[in-house]
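Database features, via TrEMBL:
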DOMAIN    139-268  domain 'EamA'
DOMAIN    279-413  domain 'EamA'
REGION    1-23  region 'Disordered'
TRANSMEM  136-157  transmembrane segment
TRANSMEM  163-184  transmembrane segment
TRANSMEM  196-217  transmembrane segment
TRANSMEM  223-244  transmembrane segment
TRANSMEM  251-269  transmembrane segment
TRANSMEM  275-296  transmembrane segment
TRANSMEM  308-328  transmembrane segment
TRANSMEM  340-364  transmembrane segment
TRANSMEM  371-391  transmembrane segment
TRANSMEM  397-416  transmembrane segment
Amino acid sequence: MRSGSLQPLRSGGQVRRREGRPRRTWHAGVIGVGVQPPVVLVDQQLEDQRGRVAEHRPGLVLVVVLPRQALAGNRRLPALAEQALLDGPGVVLLEEDPSHGTILPRPDGRCPRAPAADSVLTVPTHAPTPVRGLPLLPAAGFVLVWSSGYIAGPYGVQGMSPLMLVALRFALATVLVAILARVLRGPLRVSRPDAVRIALTGLVMNGVQFGAMYLAFDAGLGATLGALLHSLSPVLTAILAWLLLHERLSLRQAVGFLVGVAGVLLVLGPDVDEAGGALGLTFAVIGVLGLSFGTLGQRWIGHAPDPLWSATIQFGVSAPPVFVLALVVEGTDVVRDPQIAVVSVFYLAVVNSIIGLLLLGILAREGGASAASSVFFLMPPVTALLAWLVLGDTLSARELVGLAVAVVGVAVATAIGRPSAVAPTEAPVPADRARGR
């Protein structure tokens, strides 16, 4: 191939004939740019697929997409395919032209139609990712459900020891999500290496994050401060990616993080004992780090299976070690109030773990994963309101000012800029021609 030419992405397309008319079946394969190694954003879990990413060169995004009806009609196909097209640098939202069975970029419709099933569609990186507004009801529901977890946590540790509460929450969530995944998605198809990555990431994301945070709640950490610390996680993740993966950190993210930390310190005030003391704050910081490292772990997974099956694996591997740790640290006398314990376990498993996961999936599908994270700044004020209504917690004037400062910092750091006009895309390059250059 000539220097500077576009590298091909081989399609797994097949041409089938039905009533004398060809029908193309496009297999998904999207890779992101600006990351080393490149991340496969769309799962290619079906073993019979021959379409693979042939080669990646920084500065390019190569896309082959599935028809919408294939996504809806085949339970084994990755449900994140459409989400992946909305997330990642330079990936342009694509849609099928139903009258021709071909793929067109949106909003620029000047790209010629793909001439054959073995062709490739190339998208230059200067075409920005379109950002769509989040749907109001799912976004509001997600914020409310996610924020309520910071109420259910402190409430739950009144009825059960923190580690046992986490273990039973994820044990119940594993059973329920597994049933849901089997009914909606069909059997699990995942390779052993992928399963290991998913499991390790889930152990950090769920076991470390929630185990440490619930220990912080048990030590006296307030619901609002817990939500405030967690709201810094998207920015902390970007900083960790900058330090560990050498990704770009914008000035806006850095300034927003510093403002957010200043707000947290203002809420905390001089008396750390009221926030659970040094032990409670240490556990809280470990919990936030667990969330951030778990988020980075999702990139390591790369091409995870269906989100429901992925959640089943991650919940399932989190429950046993936390359960064993609970027996060792907390013993067998773990129930403090049976009614509170039962209500908390069911609420956290069903509402936070399952309904929250489904709502997050809706937001990610409609606006991309980064768009969904942009509502995190709403968690602390909503949690503060819920804590006042449910737990009777009140904030002083200093704490209210600190809360406002932190929320502004997180909002600035996680804000998504408006997309500029999409640059014209280049015509699809047939795979045989691309290989012959």
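A Cβ is built for glycine as well, from the same backbone N, Cα and C atoms used for every other residue.
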Self-check item: Number of helical, extended and coil residues in the domain 'EamA' (279-413), per DSSP
Solution: 115 helix, 1 strand, 19 coil
Quiz item: When the pLDDT values for the domain 'EamA' (279-413) are averaged, what is the result?
Solution: 85
Quiz item: Excluding the flanking five residues on each side, which residues at least 6 beyond the ends of the transmembrane segment (275-296) place their CB within less than 8 Å of a CB in that stretch?
Solution: 201-202, 204-213, 215-217, 219-222, 225-226, 229-230, 232-234, 236-237, 240-241, 244-245, 268
Practice problem: Six or more residues out from either end of the transmembrane segment (196-217), which same-chain residues have a Cβ under 8 Å from its Cβ atoms? | Solution: 153-154, 156-157, 162-163, 165-166, 169-170, 190, 223, 226, 230, 276, 280-284, 286-291, 293-295, 297-298, 300-302, 304-305, 310, 313-318, 321-322, 325
Quiz item: In the same chain, which residue numbers or ranges, 6 or more beyond the ends of the transmembrane segment (136-157), come under 8 angstroms Cβ to Cβ?
Solution: 165, 213-214, 217-218, 221-224, 226-227, 230, 340-341, 344-345, 347-348, 351-352, 355-356, 359-360, 362-363, 366, 372, 375, 378-379, 382-383, 386-387, 390-391
Self-check item: Most Cβ pairs under 8 Å with the transmembrane segment (251-269), selected from 223-244, 340-364, 397-416
Solution: 397-416
